[in-house]
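One structure below.
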Amino acid sequence: IPCQGIGRPSVYHAVVVIFLEFFAWGLLTTPMLTVLHETFPQHTFLMNGLIQGVKGLLSFMSAPLIGALSDVWGRRSFLLVTVFFTCAPIPLMRLSPWWYFAMISMSGAFSVTFSVIFAYVADVTDERERSTAYGLVSATFAASLVTSPAIGAYLSAWYGDNLVVLLATLIALADICFILLAVPESLPDKMRLNTWGAPISWEQADPFASLRKVGQDPTVLLICITVFLSYLPEAGQYSSFFLYLRQVIHFSSTTLAIFIGVVGILSIVAQTLLLTLLMRTLGNKNTVLLGLGFQILQLAWYGFGSEPWMMWAAGAVAAMSSITFPAVSALVSQSADPDKQGVVQGMITGIRGLCNGLGPALYGFVFFLFNVELNAMDPIQGDFNIDPLPLQTLIPGPPFLLGACTVVVAFLVAVFIPEKPSCSSSSSQLSLSEKSHTDGKESMSALAGVHINTPLPGSDEESPPTANHEDFEPLLQDSIV
């Protein structure tokens, strides 16, 4: 098949695809909250949790299979499939809300664009350039999510939701046309011809394969428990948080858009400048503990806080807590043998994928149990039309408090993680990308084995997937934008 597209495959092709997709979804932040509340007025949080939970679990199940298939059939066709199905629900928002939310849940099976994009980048870069290329994709993703909610909120306020949905649909169509017309195939023909028609083993496509190996090493087991207990509340928080700010704390659309932008920018600063500084001064394990401490503080603050200024303060603390995941990734690379890097990273990302399904459902259920609902979306109205349980006057956000308790347990588990003194803390940041290049061919299929939700309802990945055997740059793992 002749190579289609404009020019040679490059990182810039990947950057444009990612930017357009997430920009389209980012525009819909405000309209989606309105439609969600109008469609499910009685149990908004519960339904939101179930929709995002089903989507997360489907992505967790399908990501390894799509990764393995893209090794055989090429990246371009799978980019087209993942972007098409991820963006398919957008026009349905105004046409049929029920179908819209059903499609969002179902689209989880294909919502792994990031995985395929990172495989594409790995195809077109060599080892030395790869971390920079991943950084460029990660920064583009962050930039699209920092700007688009504000633009969507502005357009929605002045011209109504219909225009925003139309614009998002056109941007998604532009993305699909770009892949069809401009993106060349990155997987070399020789590699595809060698594997064409080759059977894909169940081991490659089994999402639980990496989780079964967790108990083999006591240190890795402790790290995995820490990741599960700290990421479960994080995944739940991102699925319901903007809805909570809008409905319970009464943030207006504009305030919400500014909030997303400010917290996003702060977290980028935390994950670049602050993380590097902390790794060098405190060491790896202490940085993880500090990040978990910040997470406990922000979740407790969201749980007890009822004033808007408290949300802003807790948001700043939340940005600081985003250092946890990159630090955990570096700690794992330090604890594992050089030939086991891909396996342990696969475990961590497998656990995070599982949390993306369980976390949103758990939060939705706890909101439902405590009857945290409002009948009015109007940010000015502050009256509860449904009689809340007595506890709600003391604890405005029960799931956040429950999340803080699980992170306390994660903190106690993390205290017992042994830290290897032989590895210098500054080099630990890069140790993973230096050690983990073990088996290039296997790595391509493992690359797509991750799915991470974003705070934006409906968008499909929040942080760059961990390359199971490929180069990996912990600093670029953005866990809060």
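Each residue, glycine too, has its Cβ placed from N, Cα and C.
Those TrEMBL annotations? Automatic predictions, nothing curated.
Keep in mind it's a predicted model, so treat the numbers as computed, not measured.
The compositional bias 'Low complexity' annotation in TrEMBL covers 421-433.
Taken from TrEMBL, the feature domain 'Major facilitator superfamily (MFS) profile' covers 10-422.
Annotated region 'Disordered' per TrEMBL: 421-481, in sequence order.
Residues 5, 79, 83, 86-87, 90, 93, 113-114, 117, 120-121, 136-137, 140-141, 143-145, 147-149, 151-153, 155-156, 161, 164-165, 167-169, 171-172, 174-175, 178-179, 182-184, 242-243, 246-247, 253, 256-257, 260, 377, 454, 456-460 of the same chain sit 6 or more residues outside the transmembrane segment (12-33) yet have a Cβ under 8 Å from a Cβ within it. Annotated transmembrane segment per TrEMBL: 12-33 (among others), in sequence order.
Positions annotated as transmembrane segment by TrEMBL: 45-66 (among others).
As annotated by TrEMBL, transmembrane segment applies to 73-92 (among others).
The transmembrane segment feature in TrEMBL is assigned to 98-121 (among others).
What TrEMBL records for 133-157 (among others) is transmembrane segment.
The annotation transmembrane segment is assigned in TrEMBL to 163-183 (among others).
If you look up TrEMBL, you'll see 220-244 (among others) marked as transmembrane segment.
The annotation transmembrane segment is assigned in TrEMBL to 256-279 (among others).
Residues or ranges marked as transmembrane segment by TrEMBL: 286-304 (among others). Listed as Cβ neighbours of the transmembrane segment (286-304) (distance under 8 Å, sequence separation of 6 or more from its ends, same chain) are residues 226, 230, 233-234, 237, 241, 275, 278-279, 310-311, 313-315, 317-318, 320-325, 327-328, 331, 394-404, 407-408, 410-411, 414-415, 417.
The transmembrane segment annotation in TrEMBL covers 310-332 (among others).
Among the features that TrEMBL reports, transmembrane segment is placed at 353-370 (among others).
Here the transmembrane segment (400-417) has Cβ contacts under 8 Å with residues 219, 222-223, 225-226, 228-230, 232-234, 236-237, 285, 288-289, 292-293, 295-296, 299-300, 302-304, 331, 335, 363, 366 of the same chain, all six or more residues outside its ends. Annotation source TrEMBL lists transmembrane segment at 400-417 (among others).
Among 45-66, 73-92, 98-121, 163-183, 353-370, 353-370 has the largest number of CB pairs under 8 A with the transmembrane segment (220-244). Contacts between the transmembrane segment (73-92) and the transmembrane segment (256-279): absent, as fewer than 3 C-beta pairs lie under 8 angstroms at sequence separation of six or more. A mean pLDDT of 83 is what the model gives for the domain 'Major facilitator superfamily (MFS) profile' (10-422).
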